[in-house]
Amino acid sequence: MGLSSLVLLVGLVCSSLMIATYAGNFYQDFDLTWGGNRPKIFKGGQLLSLSLDKVSGSGFQSKKEYLFGRIDMQLKLVPGNSAGTVTAYYLSSQGPTHDEIDFEFLGNVSGDPYILHTNIFTQGKGNREQQFYLWFDPSKNFHTYSVIWKPQHIIFLVDKTPIRVFKNAEAVGVPFPKSQPMRIYSSLWNADDWATRGGLVKTDWSKAPFTAYYRNFNVIDSRSSNSFSEWQTNELDAPSRRRLRWVQKYFMIYNYCTDLKRFPQGAPPECRRSF
């Protein structure tokens, strides 16, 4: 990694420590949907936790549905040996032709990094995975994970740094999420049949309960917020494009667009298109 990349890394780490405080309230904005008494809301609705033990995981969902907008949430992930666990944070509609925008954090043994797994479903079809390591330990502090969802594209961000852009490719026959409102969901669950090293490393239940924390939810809803127009530009600016290239060069560990074994007839059309 060259000097310029190290300077950018230092800047990203510093910026991740200066996250704005939002005023979302978990009592008002979300329902605890499963897991018995494992999901909990604290501090007057400012903090939420999900827990996983050998009996069950837990989850929550937003009371509202959203069609385009920006979603921000701060998460602090399961510390220590989190192998076999998955913390999922995503938007989804319902039904066999649902749309979905996924962050999934795949746990690992102590000392090994989490894997951030991203995917996009359109009309019930996914298989658009990109995976990343992070440039920090996501279990030590809260970090902000965001989705910007516009008719032109979907952008995944970590501490305001773009890591992935999925552009509207309807012109080449690829469906794009644009007509189904989605709720926000999150869950903490056991997936030791696949989550860590393809299922080779199992969950160590002696470390249970496993707990993840959430705070500072914020949403800019295109249908109800005057501030939506403040960021309604079509493309990333030049500094954001540089950060995106940096993350994808040094931290991306899987990209479906370059998996020739999986797609021997050629990459999917949204990968082949020149934007």
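Glycine is treated like the rest: Cβ placed from N, Cα and C.
Taken verbatim from TrEMBL:
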- 1-23: signal peptide (SIGNAL)
- 20-214: domain 'GH16' (DOMAIN)
- Glu100: active site, nucleophile (ACT_SITE)
- Glu104: active site, proton donor (ACT_SITE)
- Asn108: N-linked glycosylation site (CARBOHYD)
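Counting only the Cα atoms, the space from Asn108 (N-linked glycosylation site) to the residue listed as 'active site, nucleophile' is about 25 angstrom. Sequence-distant neighbours of the residue listed as 'active site, nucleophile' (same chain, six or more apart, CB under 8 Å from its CB) are Tyr90, Leu91, Ser92, Ser93, Asn119, Ile120, Phe121, Gly126, Pro177, Met182, listed in sequence order. For Glu104 (active site, proton donor), applying a Cβ distance below 8 Å and a minimum sequence separation of six or more within one chain yields Val86, Thr87, Ala88, Tyr89, Tyr90, Leu116, His117, Thr118, Asn119. Along the domain 'GH16' (20-214), the predicted structure has mean pLDDT 95.
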